[in-house]
Amino acid sequence: MQKKTRKERLIWLDIMITLLTLELMSYFYYGIRSVFLAGICVVTGFVAELVSLRFMKRSFTADDLTCTSDALILALMFPAVMDYHISVIAVLFAILVAKNLFGGRLNMIFSPAAAAFVFVLTSWDGQLLQYTEPHVKTGLFETPTNLVRSASYVFDHTGTFDHSDFEVLLGNFSGPAGAVSILLLVVAAIVLMMRRSISAGAFLGTIFGTGLFAVVTPMVSSRADSLKYSLVTNMVLFSAIYIVSDLRIAPKRDYYAFFYGLFIGVISYVLVLTGAKENAIVIVSVLFTPIALGFRHLEKKIDTAEQEHSEVNAGEAAVTAAGEEAASHE
Amino acid sequence: MNDRKKAMFGGVLGDNIVLSGLMVISPVIICGDTLKNAVALIYAFSAITFLSVLISSFVPKKLPYTVKVIIYALISALVYIPVKLAAQEFYPESIERIGIYYPLLAVNSLIVFQTEAKFFRMKKTDMIISLISCIAGFDIVMLITGFLRELFAYGTINSRIVDVNTLIGGLSQPFGGFIFLGLMCGVYRFIRGLVSNNNNVRSDADVSDK
Amino acid sequence: MFLINDLIALLAANLILSQALGTSTIFIAAGSRKNLVATAGVITIFTTVGSAAAYLIDLVLQPSISDLRLLFYTMVIGVLYAALLVAVYKFGSRWFEELRRYIHLSAFNCAVMGTLFTINKRASMDGTVFNLGGYVTAGFEAGIGFIIAALILTAAYRKLNSSKVPASFRGFPAMLVYLGIISMAVYSLK
């Protein structure tokens, strides 16, 4: 138990480190506003967690710090110039409604960040899906001007992507503050998988599903371009790491997690391809919650069956050994 | 409060049909997004339910259960006709907005099932008081839901604009209704738990998830 | 690809997630997995057969007396309710006691009646749906939608009723919020 508790904290630390590097990149492109937004989200998340734990009569432990990573994930999915009121409401929704109402980290059902993102999408899609260009630094309380649609939106609707590979790798294209730094995301994915802080099966499944369909039914004439841009746009990489592969939600066994991720990848790609649905992967990951729960239930049943089987085998072995011993004594 | 009083007046707070019994929740979720809709639904629900249960109480009790349930449903379908005709005079706009949920009020479980399970086991006067308290329970929830959802989704109160800083458009949608009603149910139970000093208001539903 | 789009369309047209029809029924049935599946099955029978009868009513009912539609639909469901009970008693008396309660629960509720009214509304707006096949298909789809919603709820049933959920929200309130969030995701796909 002690080991498990420690592990949860380490996972949070790993995730936070990778998120902070993304936030640093966001600061480079969008300035102090991006950091301030992230700070507001994290503080709101922390306070909401404290208050709700108090209502649930539970004490705050280091494991409950996951509320801050959830809030930071959400902040990184927003445009850097997102309205502060909306951000606060979104984080409150994530922590109070999508997480603690169902029992908090001990009984997770939804990814709090994903549920809150969809919540914002349904009420403030105009604010959520309009961004400033990189290197346009907006003051803390300045009203943003010259907002543009994301590069994902342009790609989904026109099939064009006017940025060099170098710009793509560094995240120098319009989109959510933290979900465009592709090089950092790739490094984060490798590190988190190696440290077992995300579900490798779910991550690889999502990438494989999206990639496979991007090659089989390409969005643009070149299959290589289709594969490349399908993975870097629509927050696919970011969501694959921080939402789909969330260890609290994804199936525990890599085998099942792979298929869980695969389905999410395939369905979200089809939605982008046929309906040009921006950031479909986040919506699909919320819709796939019952599937994740189903897989987890199945895993529990398999574990129980395996345990019973091993107990029976151990019992039989003990009886046989006792019988042999008795026979040798005779 | 003794058991008799509890059975008679519990419908308002102690055993609210929407928040506790989860009856007639579809109209609350879908149509309870403005005060005008709420008032129109309150009128329809109150009139149809009160008259239907009252008339149904004269149905012979010796009839088989299935036959009685069908008769209750038919009575409420008949009561619905004059109520709808009158509503067309008073709430013409809301009728259009409420749409199919108007006739659905006539097959609500308070009329079809609670009549047998609860009301017809009481004396006539007790039954009427209990029925009124159940209806009042629905009306209160409907009013609160309509008021709050209209305020935060549209920034208006009874179609008059008020100063709300950030509007939550999703609250006017069906999913907003689900989430709002879920939160309201939880808050209701929490308050009820505080009042009765019993926080385990639904301990019977515990499922071990080990 | 088309299958995925059809699946999404079916989810978007789901009467529980998009119109909250039958929510009370699904919560009452949510007592156990067996209850949910059985109730969803019986409701599918009611919506499918009921929509065929509703077509005949809509065919003969004049618009001037459309307020009588509820009465006629109630009669149809009443007859179907009695017929189903008799049929189960005659041909499956062994399971009668068990099946009876599902039939009682599934007959008069928003899921069934709401389906009939929704199909009627759809047919009045789109003439191509106004035929027996269109009605029966829509009724069957509504039943399938109920089954899907039942499965979605069943998947989370244990977690929503877990002792880890705060007592005030355990059970029905958590179920409402859970369905709300799923419904929100479906809505955002539209």
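Any Cβ shown, glycine's included, is placed from N, Cα and C.
Quick look at what TrEMBL lists:
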TRANSMEM  B:12-32  transmembrane segment
TRANSMEM  B:38-57  transmembrane segment
TRANSMEM  B:69-87  transmembrane segment
TRANSMEM  B:99-115  transmembrane segment
TRANSMEM  B:127-148  transmembrane segment
TRANSMEM  B:168-191  transmembrane segment
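Just going by CB pairs under 8 A, the stretch in B:38-57, B:69-87, B:99-115, B:127-148, B:168-191 that sits most against the transmembrane segment (B:12-32) is B:127-148. Two recorded stretches are said to be in contact when at least 3 C-beta pairs lie under 8 angstroms, sequence spacing 6 or more; the transmembrane segment (B:99-115) and the transmembrane segment (B:38-57) meet this definition.
Sequence-remote contacts of a segment are chain residues at least 6 beyond its ends whose Cβ falls under 8 Å from one of its Cβ atoms, and for the transmembrane segment (B:69-87) they are 40, 43-44, 47-49, 51-52, 55-56, 59, 63, 94-95, 102-103, 105-107, 111-113, 115-116.
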